Amino acid sequence: MEKFVRLISMAPLLLFLCFPFAFAGHDYGQALSKSLLFFEAQRSGYLPHNQRVTWRANSGLNDGKASGVDLVGGYYDAGDNVKFGLPMAFTITMMSWSIIEYGKQLGSSGELGNTMEAVKWGTDYLIKAHPQPDVLYGEVGDGNTDHYCWQRPEDMTTDRRAYKIDPSNPGSDLAGETAAAMAAASIVFRHSNPTYANELLTHAHQLFDFADKYRGKYDSSISVVQKYYRSVSGYNDELLWAAAWLYQATNNQYYLDYLGNNGDSMGGTGWGMTEFGWDVKYAGVQTLVAKFLMQGKAGHHAAVFEKYQQKAEYFMCSCLGKGTRNAQKTPGGLIYRQRWNNMQFVTGASFLASVYSDYLASAGRNLNCAAGNVAPSQLLSFAKSQVDYILGDNPRATSYMVGYGNNYPRQVHHRGSSIVSYKVDPTFVSCRGGYATWFSRKGSDPNLLTGAIVGGPDAYDNFADERDNYEQTEPATYNNAPLLGLLARLSGGHGGYNQLLPVVVPGPIEKKPAPQPKVTPAPASTSSPISIAQKMTTTWIANGKTYYRYSITVTNKSAKELKDIKLSISKLYGPLWGLTKSGNSYAFPSWISSLPAGKSLEFVYIHSASAADISVASYTLA
């Protein structure tokens with residue numbers, strides 16, 4: 001996250017009139033898959049064997065060592081190499097909330113396993129960062145020294161000092177958000193990994209008690225964070241947020257009473273918001289408490305919970321432009337809060353609108369706005385309009401998700417993607433040398449930061465694809481996290497699911513693949529000359545374990561002969577027939593040298609898990 005003041009030279013507003021909107025149906029499933037890849041690009045620590053973003057390598061392997069604690073792992077927040085605890089925890093909370101609300105749709109899309117892995121990569125780190133009940137490490141690295149350098153994570157020479165909060169140096173906002181993340185994630189893993197879920201809940205209880213007992217703003221204790229992630233809203237919203245998530249995870253009356261008894265004094269019932277993000281959680285709290293009310297759980301707190309709900313609906317109405325104080329929008333219809341990384345507010349608001357739409361639909365009621373009653377479907381339509389804008393339906397016909405569509409940012413403000421991969425050229429990139437050699441380049445990034453949501457356009461829909469334009473071209477994990485559930489919702493539909501019923505998130509291995517063929521487009525383009533259709537053909541149980549047989553059909557849709565195809569197959573845990581293993585990929589079987597135009601090749605595999613991920617790595621058309 002870069003925070004230096006500069007002026008951005010933009011094209012005049014007149015350009016808005018020159019470019020038509022690029023309205024087209026979007027592949028939300030593909031956008032979801034790409035969004036998850038961005039989190040793999042942001043990983044710190046020892047990368048796993050199934051790492052799909054292969055231009056990254058291990059980094060930050062001594063984090064925490066000087067403080068006598070293991071802080072290896074976690075996520076870099078944005079385009080730099082610092083690990084900031086508050087936005088990281090918020091990212092994990094929102095990823096978990098995506099699974100809790102839309103796990104069914106994520107399962108249908110085949111991405112539930114990858115989403116759960118993304119959550120666990122974060123919670124594994126948060127567990128390390130909480131070595132004692134009243135100690136929490138909230139930052140690794142220093143923004144000032146980090147921003148002085150332009151180095152890929154694998155080459156870092158900057159200060160990797162670790163900063164913590166404790167009873168003498170409290171941070172209720174940081175501890176509260178981390179408690180929320182742990183509690184939300186415990187719901188995600190409750191059925192597939194109950195031991196891990198219980199471990200997360202233990203940390204969540206301890207962190208909430210720590211946050212509530214020793215009150216203070218974390219940026220007063222970790223002062224180096226003030227330039228980057230200052231807690232402007234204070235810590236009351238995080239305490240309520242953590243209580244809401246702990247109640248959702250445990251059904252413990254203590255946390256429901258906390259929400260009821262403190263709603264007025266802590267602002268939960270008083271603040272009417274038009275934004276939601278890593279700093280300001282009130283709209284999220286109000287949405288969750290409104291859910292509890294609609295579920296009939298308020299009890300003697302009903303009057304207070306109704307006030308929470310009124311404020312939740314204030315937020316929803318402001319997004320729709322039907323309230324007493326409405327969110328600002330660009331001429332192209334995008335919610336606009338600020339010029340610096342505005343997209344974080346777009347994705348956060350859109351996710352809340354989607355889940356609240358489903359709560360209302362499940363409860364059989366409408367939204368009450370100053371402009372009149374609004375059907376739940378209008379909230380979902382609003383959320384969809386924001387996602388469509390991000391994916392390219394805007395005056396510039398630009399996708400603000402890197403790698404989606406044909407016109408997307410090529411000069412992303414991101415150290416790792418803008419510098420040649422360590423695996424391609426391991427030559428050391430020095431602190432200032434990176435600025436001279438790589439930052440100042442005007443060409444496209446050597447590494448594609450697939451799935452990253454950048455900061456986005458200004459108040460007039462203008463955007464400058466320039467690496468030094470950090471306000472618009474820098475991505476962030478908390479831009480992407482709310483999108484995961486929303487993209488799954490738009491891709492998988494509602495399916496008649498009652499969003500007010502108790503949550504059951506299955507493990508990714510337990511889910512049965514969708515019976516219809518799953519088409520996996522080649523990474524380069526949705527109009528690939530090669531299609532891959534995958535379907536489960538049979539299932540059986542042996543020794544108490546369920547096995548699945550999958551049939552995959554590869555079709556040459558081009559008018560030319562297909563030769564030298566290489567398929568990438570990950571998450572394959574059993575035998576495969578009909579292809580030849582070639583290094584880390586798979587090629588034609590020995591009895592086939594090419595695939596004529598319009599012809600198909602079938603291969604099969606068997607294992608006891610959900611469908612493997614199959615994509616085209618390379619091919620030749622002759």
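Heads up, the Cβ atoms here are built off N, Cα and C, so glycines get one too.
Keep in mind the model is a prediction, meaning the values are calculated, not measured.
The following features are taken from TrEMBL:
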- H413: active site (ACT_SITE)
- D465: active site (ACT_SITE)
- E474: active site (ACT_SITE)
- 530-610: domain 'Carbohydrate binding' (DOMAIN)
- 1-24: signal peptide (SIGNAL)
Field: Reported mean pLDDT - the domain 'Carbohydrate binding' (530-610)
entry: 82
Number of Cβ atoms other than its own within 10 Å, given for E474 (active site): 23
Task: With DSSP as the reference, give the number of residues of the domain 'Carbohydrate binding' (530-610) in helix, strand and coil.
output: 0 helix, 52 strand, 29 coil
Statement: Quick note, H413 (active site) and E474 (active site): C-alpha atoms separated, nearest Å, by 5
Statement: Taking all protein chains shown into account, the Cβ-based neighbour count within 10 Å for H413 (active site) is 26
